[in-house]
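Down below is the structure, laid out as structure tokens.
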């Protein structure tokens, strides 16, 4: 009789579990199960034992083959779902786990289902499963801690995916104090802060996570460096988003990101080699790729940036992996693919960039940024002429009227040439041709609103925001900033119509239902309430009017009367410098000075005579005094150059004759010399 019997197998399985928490030697158990199956191929217990041992030995393909046998049909559903998850067959794992509920492994199946939904980026579904598990009570050792870690990661991803609509799921900006006591929970809290855009808070939490990671017990120094590598990579990202580029570059030195030496690239390309230590602190493939991508994005701002070098570095770091834990998320893969096309374009490889963008658009047909890259690659040959580039893009838009990326590129080219009306036409056309998911993207709506505002078309702004808000209000995850802008546009008029008030009120009601602590939405709801409505309950986060008016003495204010402006000093003071009705400046006339009459003084008898005729008049100046003395030429006084005398005529009578003294021809013939040289 063989020593490998079902009885001995049962004794070996007493401490065996799928979690591998026992002390059993899984290799020995696998050997024992195989020997039992040699004598009895259909032994269910032995088959199940073999599958569990293979799972604990990370041989998931072999384990799934054993679990697929007919003898285990309808059994070992938890093990089957777990193998599918580890092999990356996430949809199958999700369906298997969801369909196997109701048995003794229901709680374990919920965990697998939540993990599969998380990796499939169905974060809302994963959050719902974890909420259900939290209400059921913890049944395994350390399950409460694992749950807190998974819930924190799921909440952070929800905010990443849905923006402000999910910001309140994880408690808003507040961080649970207990999350700062463990490495994983502190890191997840930091990731949540990054997703919300609270970068200052994120830096503090990342610093705390790094400190806790370096204090992890039962780990070597190298293993601790591996643990904190994601923290450092996230810290680099946060510093870059804050514009602290120098600090981000310094932090990159703490990460062993794969890179080339930076000398003699053009002359001795064969001397290039990888660094001696290839990412010693980064073992996760996706993290390595993301860290390299972020380093390229940061160093591209340096004056010695080399696009050819970045292209080589990016290609070498992008190794393919099938490990589910090392697979990048969809939003990460989209960014990496677009960046790859941009690097090809910067390096002058236009055709390669075009192929990369086209391949990306086949998988993500509504990625407008990839369309922009494709348009840039196609128009790259005409980059020296803006008109040629515009005409080329116009032809592409005619062929693809619903392509948001191409239309936005055309709008940008037209704005660059000052054709704002043409830019508006390009955006309006794509909004009428594209599908709803694309035409009401916040960026597209924001661009059209900005162009309308530039031309003062306020009614058009209100209309486009109303259409966009009508779409986003029906979505499962509405865009809150766009809805706020739309609601505000309905209240911007001095006297909003009842329709405007009703529309704004419905939008603010929806916003408050998802973010109850938003003061903007609370104030908007109150402002959009109809004046005739007296049953409207003020939001809880607004201060009640009774509290605001509790210290106001209305009687004292009435007794004091209405405040009056200070009295004006002069009636024309405010009109000084102002323009009259004819458009001319008003000039104030100066008042004439009047002398007071002194009755004690005797009036001057000559006061009515002209000044020159008065006896006390004294002329000023030599010529004036000479004229007064009669010494002018032709005057009658003596001492001058001439005078008058009377002569008697022979026939009688007298005549006055001009008397001339001196030589009258003395100055005759003398001419005034002209200035200058002779």
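Placed from the backbone N, Cα and C atoms, the Cβ positions cover glycine too.
For 521-544, the entry in TrEMBL reads compositional bias 'Low complexity'. Annotation source TrEMBL lists compositional bias 'Basic residues' at 586-595, 617-626, 668-678. Taken from TrEMBL, the feature compositional bias 'Basic and acidic residues' covers 596-616. What TrEMBL lists as compositional bias 'Gly residues' is 632-654. Here TrEMBL flags 577-619 as domain 'Signal recognition particle SRP72 subunit RNA-binding'. Among the features that TrEMBL reports, region 'Disordered' is placed at 520-544, 560-654, 659-678.
Residues of the same chain that lie 6 or more positions beyond the ends of the compositional bias 'Basic and acidic residues' (596-616) place no CB under 8 Å from a CB of it.
DSSP places the residues of the compositional bias 'Basic residues' (617-626) in helix, strand and coil in these numbers: 5 helix, 0 strand, 5 coil. For the domain 'Signal recognition particle SRP72 subunit RNA-binding' (577-619), the model's pLDDT averages out at 72.
Per-class residue totals from DSSP over the compositional bias 'Basic and acidic residues' (596-616), listed helix then strand then coil: 3 helix, 0 strand, 18 coil.
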